[in-house]
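J.: Right, I'll just put the structure down here and ask away after.
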Amino acid sequence: MLPQYERLVDGAASDTGPGGYAASGTGGVGSLRRSKFRVRFGRLAVATVMLPVAGFLFCVIWSLLYNFEQANATHCLVYNFLPSLSAAIGNYQPQRFVWQFSVLFHAPFRYAIAFLYKNHHLTLLSRKHRKEWAYLACILNIIELSSLVGLSLWTSSNNYEIHKICFSAFVICSIIYMYLVVLINRITRTEELLTLAERKSLRYKRRLLLVNVASIMFAVYFFVRHNNHCEPGIYSLFALSEYVFVYSNIGFHMTAYWDFINAHVYFHWRTGIHFSAV
């Protein structure tokens, strides 16, 4: 059942709030409130983001406890103390199952948020005549998430080529998406007019973008240095840079909590999923 983002209408004219989800005040909200299940967007966002956070942490810890030698082995045969992202999530069980479960289970909600953000960005860009940026951001977000699903299903141990393509697409699309979102907010909003939650969201977006870009640059540096010099521990620093990249990416998407802080998600067995500002 595909998510629906338009407001349910009870015969009254409908108003929409920022982001393209329903605003309060008329009969449509009454229909939403009579939905079978209602939950605050923030709670659902936290629960969703905790899946990959906890899943990835489990994979790293389990690999260190039970697959230390295998997970840290490289072609250089030097000592390392942290497994790479690919080794931690895809080379061993039960890590592979836990990671795939956490990614696949949280993906549908992430796809829904991508379209919610498309409507949100269309609203922000309506006066700038740059609506194509909203569609581009949505496409990048979907490719990023699809690449994450792909690199989780096709691991480096069972299909390295597909894993490599998906990982590259994930890195490139996520960085471009994050930069584009920060740019959209910068050209469409005046900081003095933002709410406290909106200011916090934009501040964290900027910081996490910088951390994300810095971490991938460090990862490339340590990866090249490891392959050229085979120094002990350098590959683990590459792995640590990957961890920072992953968690800064998750943190960036978590700022949706503040962007839609007053929103609710409504579930109904007939009409699907709806987002409302009330």
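First residue shown is number 1, and so on along the chain.
Any Cβ shown, glycine's included, is placed from N, Cα and C.
Below are the features listed in TrEMBL for this protein:
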TRANSMEM  41-65  transmembrane segment
DOMAIN    41-261  domain 'CWH43-like N-terminal'
TRANSMEM  133-155  transmembrane segment
TRANSMEM  167-187  transmembrane segment
TRANSMEM  208-224  transmembrane segment
J.: Which residues, given as numbers and ranges, are at least 6 beyond the ends of the transmembrane segment (133-155) yet have a Cβ under 8 Å from it?
T.: 86, 89-91, 96, 99-100, 103-104, 107, 110-111, 114-115, 117-118, 121-122, 124-125, 162-163, 165-167, 169-170, 173-174, 176-177, 180-181, 183-184
J.: Six or more residues out from either end of the transmembrane segment (41-65), which same-chain residues have a Cβ under 8 Å from its Cβ atoms?
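T.: Same-chain contacts beyond the ends: 71, 82-83, 87-89, 92, 94-95, 98-99, 101-103, 105-106, 109-110, 113, 243, 246-247, 250, 253-254, 256-257, 260-261, 263-265, 275.
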